[in-house]
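Enquirer: The following block contains the structure, expressed as structure tokens.
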């Protein structure tokens, strides 16, 4: 069941990349914004549904680990894409102020989650105050991303290896309406897999005796993140490197909202305080990997895979080993 859902997500991811790249060119919104909002958020829908279903079933650790574990996995996918992009370091080629702003927004959002988990257990109608705060920070972050795209106050140095975000050839037979319809159909299909994955993951935890946090952090989070793996590799393959980076960072930023949605679905009080130690560990791992990626975007090493790519792979490997040891 989980394997079949993974196959659906892999197939949809390839087409998603080309559709969003085409929409970015036709509308002029740019690859960074299109990747962050359209591609990143839409390919995250399976994870959103999975976290909501897990929270509704009463497993706070599963719901939270699925959300933050997806961020860790997807950031690692970007390091894998860096290996596949043989021309130069991917973060160097995809120099983009909006991507940097989005990274800072993501760190702030994960910080809110950690602060809520460590702070007082206060709720109103079984919802923690951090939940509406996450929505507000996310909305303001998108505003900053748009401003940095339209009116940047500074620009990254352009080198011979920098890939400019320029519209490609839009003289294709698909109409704009058909592109949007296909986009909506694919979005609905990938979202539907989330419900199946959630129940499959909860059943796996029940039958094997593994904790919900381990299953969410290592299994369902990776399966629901498969569209990001496919889309980032496909984007790199067609030369849309800014779109590739924006897809991961934008999707990760949207993924933090899974926690807010899960808090609304969880009726046992604050999900931030109901989550176990493993879920908090996954949250800390997510912010560590995001900060490492942000450092790479600022440092812009030229060599094939920079310090950030190596560090991300090492940190994720250590994180997986630690999570298994904690279970």
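Heads up, the Cβ atoms here are built off N, Cα and C, so glycines get one too.
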Enquirer: Checking feature assignment: transmembrane segment per TrEMBL, candidates 125-145, 146-166. Which range matches?
Expert: 125-145
Enquirer: Cβ under 8 Å, sequence separation of at least 6 from the ends of the transmembrane segment (179-198): give me the contacting residues as numbers and ranges.
Expert: 1-2, 5, 8-9, 12, 15-16, 19-20, 22-23, 26, 38, 42-43, 45-54, 57, 66, 220, 223-224, 227
Enquirer: Taking residues 6+ outside the transmembrane segment (218-236), which of them lie with a CB under 8 Å of any CB in it?
Expert: 2, 5-6, 9-10, 12-14, 16-18, 21, 35, 39-40, 43-44, 46-47, 50, 62, 65-70, 72-74, 77-78, 80-81, 84-85, 90, 190, 193-194, 197-198, 200-201, 204, 243-244, 247-248, 251, 320, 323-324
Enquirer: Can you work out whether the transmembrane segment (243-266) touches the transmembrane segment (305-326), with the criterion being 3+ CB pairs under 8 Å where the paired residues are 6 or more apart along the chain?
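Expert: No, the transmembrane segment (243-266) does not contact the transmembrane segment (305-326).
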